[in-house]
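Enquirer: Annotation comment: TrEMBL describes 20-43, 64-87, 144-162, 168-190, 202-223, 229-248 as transmembrane segment. Taken from TrEMBL, the feature region 'Disordered' covers 266-297. Under the heading compositional bias 'Low complexity', TrEMBL lists 266-282. Among the features that TrEMBL reports, compositional bias 'Polar residues' is placed at 283-297.
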Amino acid sequence: MFHWLTKELDHFLSKGDPRVAHLPLMQSPFPVAAICLAYVLFVKKIGPNLMKNRKPFEVRMAMIIYNFTMVLCSSYVVYTEIVYHWLQPGVSLTCDPVDYSVNPISMKIVYNCYFYFLLKFVEFTDTIFFVVRKKNEQISNLHVIHHGLLPFSVWWGAKFVPGGHATFFGFVNSIVHVIMYTYYGLAAIGPVMKPYLWWKKYLTIFQLVQFVAIGIHSFQLFFQPSCSFPKIFGLWIGSHGILFWFLFTDFYDKTYKRFASLSSSSSSAKSLSSSSTTCSPSITNLSDSNGNIKKVK
């Protein structure tokens, strides 16, 4: 049975795009899966345990450099996609088959897809900063699922369909990351930037919009029977849009709607506090133990 499964998997993987076969990590999904599992184990167990009896590391300058480097990397992905894909003749939002030729333009997109795939590993650094700063409350299930799943998920696209319809996911996601890492880079500078970061909550809204766009763009393939782009990858990409839409919606509701509710409760508590008696004690501290809602990516 195991031999048969191995043979079938090898046969399936042999159908991957030969243009990426020589690139590191592109031969098999198992090393990628192992790295993702190691990431989850480190950020949830090993890292916090190592930091348990240590003081938080001072990594502010490293965070600034990292975040703005990610802005540049994401901008490069967006630029390359615009110039070498969207501005090319014949490109369509509704049906965009992969160009499997080896001409310079199609190869530029292939390597851009691979670069985007590698960036998913680099983004593990987001969580590592949380670990070394002992911000364990920010290492949420949403955060870990999001970062831990994407390298494995993107691998299949980079392996089989590095171009065409599949690039919309990375293109839109990279636009979001340009904005997101700009925010986090500015926030890392310190309190002096706080007055200019009022748009924090809109990052999550922007992320939700991207997942809707990705879902629509992917699932509309099923209404294009003549389109040669593999429908299975439309389903694969679209299902991730749905998954992350639900996860981020839940996060948005718990973070911002609860925060608004707590703020309202706090205002009411202050009003009651000003006229409290022994029969009506002050409850101004009601929100103090619950109101410290942390933002995660």
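A Cβ is built for glycine as well, from the same backbone N, Cα and C atoms used for every other residue.
Nobody curates TrEMBL annotations by hand; they come from automatic prediction.
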Enquirer: Sort out the residues at least 6 away from either end of the transmembrane segment (144-162), same chain, that have Cβ-Cβ distances under 8 Å to it, and list them.
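Expert: Sequence-remote neighbours of the transmembrane segment (144-162) are 13, 15-17, 19-20, 25-26, 29, 32-33, 35-37, 39-40, 43-44, 98, 109-110, 113-114, 116-117, 120-121, 123-124, 126-127, 169-170, 229-230, 233, 236-237, 240, 244, 247, 297.
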Enquirer: Can you work out which residues elsewhere in the same chain, 6+ from the ends of the transmembrane segment (202-223), have a Cβ less than 8 Å from its Cβ atoms?
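Expert: Beyond its ends, the transmembrane segment (202-223) has Cβ neighbours at 93-95, 165, 168-169, 172-173, 175-176, 179-180, 183, 229, 231, 234-235, 237-238, 240-242, 244-245, 248-249, 251-252, 255-256.
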Enquirer: In the same chain, who gets a Cβ under 8 Å from the transmembrane segment (20-43) while lying at least 6 residues past its ends?
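Expert: That would be 13, 110, 114, 117, 121, 124, 127-128, 130-131, 139, 144, 147-149, 151-152, 155-156, 158-159, 162.
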